[in-house]
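I have a structure I would like to understand better, so I am pasting it below and will then ask my questions one at a time.
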């Protein structure tokens with residue numbers, strides 16, 4: 001007796017399970033992980049999306065909730081499991097998992113606890129997707145990108161930290177508000193460590209090729225009557241402000257990560273400020289990851305732009321590198 005499906009559909013080719021071309025995995029289904037997932041789906045970047053987490057009920061619930069929206073996406077397959085076999089064959093793996101900082105906990109202790117989490121996660125990712133590119137989003141992102149690179153054994157062009165892609169987006173938004181011009185037409189770079197010791201490259205800030213520092217030589221200094229330095233201060237403080245107001249940040253970082261993935265999967269060779277291994281650049285001597293303008297394409301992070309930085313900007317970068325190395329050098333089990 002023929003089934004309804006057999007009566008409805010007349011096959012022309014034999015049914016075979018086709019391997020996905022653009023499979024993306026998100027590790028961790030917290031606020032940030034799910035913002036990454038919805039941003040990836042919204043841009044139709046994946047033909048299969050896999051979610052992984054240790055919290056099985058939440059994981060299943062998030063998967064079902066997304067599957068119920070399948071009519072509104074162009075992603076035919078959404079899967080989830082706590083077993084990493086579900087991630088097999090991923091082109092890109094986004095890592096958002098990690099432990100949160102406890103009150104009064106030192107940064108070193110927080111990082112060490114995350115190292116212990118990553119020691120389980122990273123080998124599993126590489127086991128099932130040996131050719132993937134890993135994007136690390138968990139904080140402190142620059143140190144955890146270094147940890148991922150060490151644990152994965154992958155070449156450095158395939159281990160990327162989300163880094164200052166979001167910091168730069170915040171900077172361009174705030175700049176656009178001040179000038180009344182769309183952020184995409186306001187050009188400026190935040191480099192170095194994601195967060196408190198990031199570096200605003202004032203010498204490169206421009207609109208339509210017009211250097212704003214040439215129009216206002218005091219821009220970014222304490223002597224600036226227009227107080228542009230406040231814009232960078234707001235970039236640093238904005239995450240804390242959002243966390244204070246709603247408990248976490250997620251939408252902007254999710255959109256930022258989807259932006260990076262789009263550049264790679266579509267082989268666009270766009271330039272993004274993301275965290276990469278900077279040893280040997282700008283006089284930095286240790287194996288630390290910091291954000292510099294990097295070219296991303298289908299192979300991963302293929303090149304770094306040699307941006308002309310002023311002496312004080314280089315000094316700030318080196319200071320960031322030293323701060324990170326002070327923590328990294330004491331990490332155990334890497």
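Just so you know, glycine gets a Cβ as well, placed from its N, Cα and C.
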Write down the one residue from 139, 165, 206 that Swiss-Prot lists together with 53, 54, 55, 56, 57, 58, 100 as binding NAD(+).
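When Swiss-Prot describes the NAD(+) site, the candidate it includes is 139.
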At 10 angstroms around each C-beta, which of the recorded positions 107, 194 has the fewest other C-beta atoms nearby?
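Per-residue Cβ counts within 10 Å for the recorded positions 107, 194 bottom out at 107.
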In sequence order, which residues at least six apart in the same chain have a CB under 8 Å from the CB of residue 53 (NAD(+) binding site)?
27, 28, 29, 33, 59, 80, 82, 97
Can you name the recorded positions among 56, 194, 249 whose CA is within 10 A of the CA of residue 240 (phosphotyrosine)?
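Near residue 240 (phosphotyrosine), where near means Cα within 10 Å, the recorded positions are 249.
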What does DSSP say about residue 100 (NAD(+) binding site): helix, strand or coil?
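For residue 100 (NAD(+) binding site) - judged by DSSP and reduced to three states - the answer is coil.
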